[in-house]
Structure formats: structure tokens, C-alpha cells
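K.L.:
As annotated in TrEMBL:
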type	residues	note
BINDING	112, 113, 114, 115, 116, 117, 118, 119	ATP binding site
COILED	583-645	coiled coil
COMPBIAS	1-16	compositional bias 'Basic residues'
COMPBIAS	698-715	compositional bias 'Pro residues'
COMPBIAS	733-746	compositional bias 'Low complexity'
DOMAIN	25-452	domain 'Kinesin motor'
REGION	1-27	region 'Disordered'
REGION	691-773	region 'Disordered'
């Protein structure tokens, strides 16, 4: 059976998940950003302390009938444009800080579109501190006098807190101060950065009333960002160090020393209490609000920001600042921290600045910015999905799995939605009309988030020790110091040991117990011992007097020397005071110059960033200008080619219409000549009849035969040749005579292509050849068709033909048949010797609009336009290779006479 140590409370089991059914809704607040100077129209109106109304701007019609729709959204509280940072902190973050000191967790995050004021709400500016610096100031104002010494609480790699004695903590401080490899935390004595100086005014300081006086506290902070769904530690000092050469298996360096170490991504893990945390993240112990905010600002400078069209410094990642508070009760004496790990209570407050959702079309993002915007929008979409499924599970009593693991931001905070602490969200909105559509989506998400219920965390158990131990111990120490000062001086730790030695040197007292009223031995023995002690005391007093008399002159001399030394020290002190004044003046001047230097450095950084932004814009504009110039050159070249082609088409069309007009004029002239001839013949016949009736014995004149010819070659018969009577009479079938049949032109004999012989051919047709669908197609019998010539195919044949297509000057595709003989070489191979080229092309003719009657004459010349099918036949041209002549042979259409 083991005996429990005195003053040690019973062991406390690890905290479990709350078993109560009490829940709290997610607190959603809305903050409206002031309208910019360049913005005129506003789409958001605050109509009460909990309600806002959205007005649809001009150009946005939400209903199909064209009417404007105004919607209202309710929040736990709405903060207008005139609300200060202090008022926002009092309603939103102060209750979470109170719960943090009482041992409860909390999550606070800002949400909204890009440029809506999320970072200003969380961080603030000099003189207008945001939620984060005010939370740190309130925490240290509350626990400032109850903080444990540095390294009494110590973090480990498994998201837990260990406790050690003050002696071990002192050794740890000395070891870390001497170890240069361990990065030191920024000292509180260092001057604050001018960018973060005076964040909070002294009159705006806050303090919590729920601090346990009998506990000791310690604060740890960490700062991470989630960039492209990867977690990076912003407090890691090795992110910008020069990389050491990395060696591969062959013993050669993979990269140069001038490169930088890429930031290492962290992973999420689950501790023994099923709490998610970032493994390997640096946690810094801080002892003041200034030191904590210096740590935050050191990580803030490493955060990913970029310039976009909508925001000059747009956050490209989600930042998470974690404040971890460790507290443990004091021991029974109220002097030291209780050395029991199970009695340590750890609570944390997560302040999250989410990156704003954006549309790449409005921000003008390119390259890396498009990827960043896609990852930001995807993580926010996963957050909305988790909230929707949580709401559906609670309202519809379903048990769907919430996809926390789809995104790092939801996976890290899954415990808060499962009941590990309070959750609050500040929705930041920009009232300008350009953000109307994005703000509408944000409002719908906020309205849905308010319907999610989160389990209320349970209170931590109270330690079994008597309350008020710290004050009793302090009161005891104060009273002891006061009494010792009244007796002649401060506390001397050697006094009890000297008194014990003196008491032990005296003779011991005999037994004083009286067992018999007639005992005469005990009292005399006691009296004798007391008298012996009295004699020893007298001897000691005499020795003390002698020693004191001897020490008096020595002390007087020492006093004299001390007085002279005091006078000298006073003189030196007066000189030192004067020197101190000079030093203080120099320090003030140095501080002023340092502050001025830092301000100038800050301005230089701002100018460098601005210069970099303008250089990037200049490069992008130059690239865009070059791209547009190239595009313009291509368009100009295309325009010139189009003009050349159109000129060719216009000239061809003009030539065709000239031919058509000439043909029509010739046809009309021929028709009029035929009509005149018919009338002339009728008159002549009438005259002959009249003359014949008058002079019946007169012989008939010889017939005159007149044959009309086309206009290009008009030839008439002589007047002495007259037609016979039968010829002069018109036919009975028609009132107008039939046109005299014209002789068709003799068809020239076509030279038969030698490809139709009995030789065996290699027909080489590339795969890119097009089928033109013409009537006249080259047909080569006894041929081997190939898309690429080969030695095997050439060895089997003695002739070769290549089909080649190209664009003619009139824009039509013409086909060339390049023929040659296959000759065997001395080496046993085959060679092709080209001997002939045939060109196949198409020519389009104009079809007359009016249908020709059978009584109209037909031009005998082949130059006019033809109206039958034969006019649309292709023309084949054959020529010898190397010939300087034109086409060797042409095939013209033969004009067919129509039947009457």
C-alpha cells in the first residue's frame, strides 16, 4: 500500500468530450467598410443594429421580369462604418479572451471578398489596433502578476505541456542563452517597430475578472499560413537561409549554394486528446503583449501578399495566429507551481485571417496569381461545404460525413465544430457596387452559418486545495520581513544555525520530572545545572564585552573611512548624474534618429515594393504590346494576302463578265440580223409574187442564199446567190424561220496519255491529297497505289507517277501528275527519271439566267459561253518536262445542236 504525498491532490484524468447536450450557435457578426472616395454608388444599407439591406445596383436584374429585388440579412450584431475597433473588440473578441483565461478554447475568423477590410479588422494600424493586438493586451493585463518564470512550462512535440521546477527552468534559461543555435525571442527592451508602435491607447486597455489567483500562467504563441493548401511556419528562422549543397548518389552537388531553401510544408496530426495541431510548428513563450506582437509582426512580414487590380496588398494565404495559455495550480504552501502534469490546463485561441474570395476576370490575375486564386476559392468552397453538411445533419437528423480532410483549413479546425470551443465569424463587406455579386454569395454563406449549432464546452474541474494560498503566503512573507526589520535588520539566513550551535555547546539539563513530593534530589540537581549555565553565560558575556571594546575603535575607523568614501561616492554620483543626463540626451537623440531611420527604411521598403509592382506592370504591358504588335503584323500580312487574292478574283470575274457581255451582244446582233433577214425574205417573196402576177412569163431570178455568221467573224453570201422558192418559204410549224445550222468546230485529236499503256505503274498519292469530285479523273490501270514510295514497290514497276496538288493564282486547287521512268542502277537499286507533267485544273463558267428557245440561233464559235453540260467539263493540259511552250493540247467542249 503506497502512501500519498502530503499536499498532492488526486490524479485527474485527461479531459473528455462534453457529454452535455447544451449547444450554442455560431456567432456571426457583420462589419461594413467605409466607401472609397472614387466609389459613388452604395449597395448596402444598415437599417438596424442586427440587420442590413442589399440594394441591387443599376445593371443587375435578379428577376426575369426585370424588377429589382432588395434582400435583408440578419446577424448577431452589425457594425457600421463609424464603429471603432474598441467597440468591435468589446462585442466580438473579449468574451473569447475571458473563456481562454477560464480554460476554454475559441476560434475567431474573418471572412469576405478581397479588399473588404479583413486584415485591418484582425490586425489594425498604429493607433487603431485590431482584434489580435487587443486580445494580447487584455491577456497580459489580466495575468501579468501571476505569470510563471520562463521555461517553467515547456512545450513538447506532441501538443502537450510539461512542467519543471524553478531550478531546472533557470538551468534551461542559461543553456538557451549560451546556445547560439537556438533562436532567441525578441526582447521586450527592444524598440518597437514604427509600423506597430502605439497600436492600443492606454485608456483603451482591458482586463478580465475571471483570473484564478491560486494558479500560475504562461503564454505560448505560434503563427502559420496555409498557402496553396500547404502549411508553412512563419516563425521559422531557416526559411531565408542560404541552402547547403545537396549531394546525390554520384557525389556531385545537385544545386548551387546561391539558392534559397524552399519553405518546408508542415503536416497536421492528432494528439492523445484527439485535438488537431500543426506538427513541428515553433511555439514561442512570451511574457508581455509587446513581445507577443513583435513575434506576430516578424511572421507577418513573411506572409504571402501580392498586388492585384482590386487590392494593393492582397493576402494570398490563410493566416492562423494561435495563442496557447497554460495554467497550473500552486502547491499547498502557495509558493511554487504544483509539479503534477495532470493538473496542467491548456486552452487556446485561434485568430484566423482568411484570404478573400475573388474572380480572376476582375483581378486581372495571370500565371501564379491564377493558381493562388484557384486554391483560395477551393478552400473557401470546402469550408462552405462543411458548414452545409453540418447544418443538414443538425436540421434533418442525418449522419453524413463532413469532408474536413478536403482542405487543410477545415481539417485544422474540425475540433471546434465538434464542440471543443466557441466559434465566431466576422463577415467583412465592401458596400461598393462592383462587389455586389461576390457580397451576395458571402451573405448567403453567413446566413447559413448562423444556423449551425456547436456543443458548449464544459468547465474545467477545480483543484482541491484551499483557495487564497497565494495571498496567505505573500502576507506571511510580508509580516516576517516587517518583524525582522523591527528587531534590527533584514532576514539573515545564518542566524538559526548559529543559535543552534550555541545551544548545543551548553551542558544538557537533567531530568525535571517529580515523581515524589518528598524528592529532594531533582530540584537541587536542576538548580545546580542552571547555575552552571549562568556561569557559562557570564563568561560568554565578559568575552563578548572584551571583544566589543576591541571592535569599537576598529568600527570607528571603518566609519570614518566609510564617511570619507561616502563623500567621494557622492561627488562621483553627482558627476555620474551629469554624465547620465548627457547620456540620456544622447539616447533620446539616438532613439529619434533610430526611429527616423526605421521610418526611412519603411518608406524605402514601400518604395521598393511599389517599384517592383510598377516593374512587373511594365513587363506585363511590354509583353502585351509585343503580343499585340505580332498580332497586328499577322493581321497586316493576312490582309495583304487577302487583297492580292481579291484582286485576282476581281480580275478573273471582270474578264468572265466581259466575255459574257461580248457573247450576249453577239447573240443579240445575230438575232436582229436573223429577224432582218426574215423580214427581207418575206418582202422579197411578196415582191416576187406581185411581180410574177404581173409578168407571168418572166423567168425567176436565181436564188440568194444568205447565211448569218457570228459577230466575231461575220461572213455574208453574195447577193447573186438567191435561195430557191422552197428555201424561201418559211416552215409551217413556226411563224419564224429556223436558224441556219452552223458547222461545229472540228474536235482536235487528243493525245492519249502514255500512262494508259501496258506498263506497270507506281501511283504515288500522298495522304494529304484531297478529292475534288471532278468528272475527269486520272485512271491508271495496272498500278500499285502507295502513300510513300518504297524500294520494294519500285522494283516491281517500270513507270512512276506522283500526284501533287497546289493552289493556283485564281484560288482554285490544281492537280499535277508528274510522271517518270523507273531505271535500275548499278548498285542494284532503282532511280526515277521524270519525263512528263500533266496539269489538271477546273474553270467555272457563268450559266445564263434565261432559258434559250429552240428558235434562237446558236453561235458557231467556241469562244462563247455554252449552256449544256459539256461547258462545265474540265480542261486537261499535257506538256513535256522542260518545255518552254504553253499547254500542248486542249480539250474543248463540242457544241451540240438542240432538236426543234
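Counting begins at 1 with the first residue displayed.
A Cβ is built for glycine as well, from the same backbone N, Cα and C atoms used for every other residue.
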K.L.:
Which of 113, 116, 117, 119 has the fewest nearby Cβ atoms, counting only those within 10 Å, among these binding-site residues?
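P.N.:
So among 113, 116, 117, 119, the binding-site residues given, the one with the fewest Cβ atoms within 10 Å is 117.
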K.L.:
Note down the number of other Cβ atoms within 10 Å of the Cβ of residue 118 (ATP binding site), including every protein chain shown.
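P.N.:
Taking all protein chains shown, residue 118 (ATP binding site) has 26 Cβ neighbours within 10 Å.
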K.L.:
Could you give the mean pLDDT over the domain 'Kinesin motor' (25-452), rounded to a whole number?
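P.N.:
That region's mean pLDDT is 82.
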K.L.:
Specify the count of other C-beta atoms within 10 Å of the C-beta of residue 112 (ATP binding site).
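P.N.:
There are 25 such Cβ atoms around residue 112 (ATP binding site).
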